[in-house]
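Copied over from TrEMBL:
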type	residues	note
COMPBIAS	38-51	compositional bias 'Polar residues'
DOMAIN	66-123	domain 'Chitin synthase N-terminal'
REGION	1-52	region 'Disordered'
TRANSMEM	492-512	transmembrane segment
TRANSMEM	533-551	transmembrane segment
TRANSMEM	563-585	transmembrane segment
TRANSMEM	721-746	transmembrane segment
TRANSMEM	758-777	transmembrane segment
């Protein structure tokens, strides 16, 4: 294969105004740390730093092309090389310096991207943000993405992906790096090995690059087509199973933001700026730490291809358990494994039935590219949507500003897509698109993650209530609108259970332990000492519960990691003690009801209220009285919800391993989740990024500066947070007092019975509704209710 010279007439696929000079790389860039591969890449291209041409300038940006390293050009599989006289996709690396705002990244401003210049139609744009995470973690994520993209090239000639153009030309993988400073320099070696970065390119004509046309550079974009595997420190992330020369190429785009900004800005670069030029059919988001299965991208794309009304979809996530599932040794990981595969999946399938997933709870999801929705990622549009203006043109504060600022762009867009006026888009979970994700392995990290997720899901739920009127302006059918209203009622039900879970967990624990300890002469498990032990457990329980509010208000989980670990250990031990007591009561209830003698029970007055009297026919007769008073109509649905619905979650994915390895850990850690995680999350609903109070509205931050705004408006969110915490404590305290305080007669006993009835029915009904929705959704897909005929 012969490579073109550095000069000559522009090929037909290039814009006539685009510079066609291929510029060898310059010496090392002063903006970024030196890559360990720098000397190797220069020697392969034969670069000379003596006679470097300047960047070609077009309107308000700089763009140039640099020869790819020899080791990449010689690795390309022969069938991917063009033989029609045009310049090959693999010959050069394209660099663009973007100055100004990303909203100006438009063709009319002189900007373009390499796939558009080549005339490659983009079916999918895959965005992988990087914000300084672990290099090995990022490398594994990028490796899984590239393997999933390469899988598309082997679907067969009759597949959509290999008709008209090769599959690799229809997908672009975009890596958005949050800042060019302060990250592991090994990441540059990874990019150099892939061929998507070369040292010294950004140092050329430094004054012009820093301020072309008076504007500083906002981002540096590198583009290439690479057949290389992902490598860290010169070694592949995973051993290659085939010859490197047979790897399908991947179109790569690397965006290095000049300054560290928030996570949403990385989304805007991919969704707003690059998508406007590439115009993909779908945009796929993969967070660092997520590892896709080989066919995950195809399965997610297939859902959009089969259903033209699908606006957004989320893949199925499960924790990364490591080799031989070693991570299950950690009970926190095991509990999260069950929650992902059972609890969260039940909720997601219920929302998929209605066609509206309020929150994509995961790091692997996709949207159909709808320009209207992508405009929501611009600051101007978000400010106008989140706040109003008064008659004098000044911004007015919106009541839900703090909640809306908790919404990341991946949480905001599902609502905007489904509620888009004049359309009937829907969203759903895709069971066949699977991925693994890293999960927190320590108590402090789990607290931080739970706080973030609860803030976002709460904001999405409350924001949906505000947008109820928008639903009537869509083209959704009456049946689907009614289904979404049912989902809103379901979300309200779930939120009320979360709000009162503190008192529910406390009362359930105390009542079960007290019942197992009666009568004192045969109390379980310590005999006559059981009531004393139970009293000590209850005092310790309350003390650690009060400690959670102190830790939550400080909101420094990593600083108090030891206390959080101790708290979760204590609550887990108490929960284990309660579960053993419950099994003891259940066993003796079954034995008693199977006995031939059942003597009627009467209540006798004791100093602490009414207490079951044991006439001697059976010393466990009081257990039967509790069961009879609560009622089989309450107990049986609860048992069905726990013992039938959760095991049924194994059916959609035909995966039941989590029932064996993780269910017990989830039950044991349930009390710790309620008392530690939920308390911390509710106490910090108004906390923003970096543990700061959301003390300003966005327009105030823009007009007055963040420092002044924090001082002027710091009191408002703190007051709201204090009111939320006070309401949370008082509501749960009122439930506890109403259940325990004896007013006289047998009222205290029956109030406890009524509490258990209500609490069991509230939880069982939520699970049963989700289980019914799961059966409807899974069965419907099996008989073809939801999708078109499958892709061949």
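Positions of Cβ are set from backbone N, Cα and C atoms, glycine also.
Automatic prediction, not curation, is the source of TrEMBL annotations.
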Helix, strand and coil counts within the domain 'Chitin synthase N-terminal' (66-123) (DSSP): 18 helix, 10 strand, 30 coil
State the residues, same chain only, that lie 6 or more residues beyond the ends of the transmembrane segment (563-585) and have a CB under 8 A from a CB inside it; answer 'none' if no residue qualifies. 331-332, 442-444, 447, 508-509, 512-513, 515-516, 524-525, 537, 540-541, 544, 547-548, 551, 557, 623, 626, 667-672, 675-676
Average pLDDT across the domain 'Chitin synthase N-terminal' (66-123), rounded to a whole number: 79
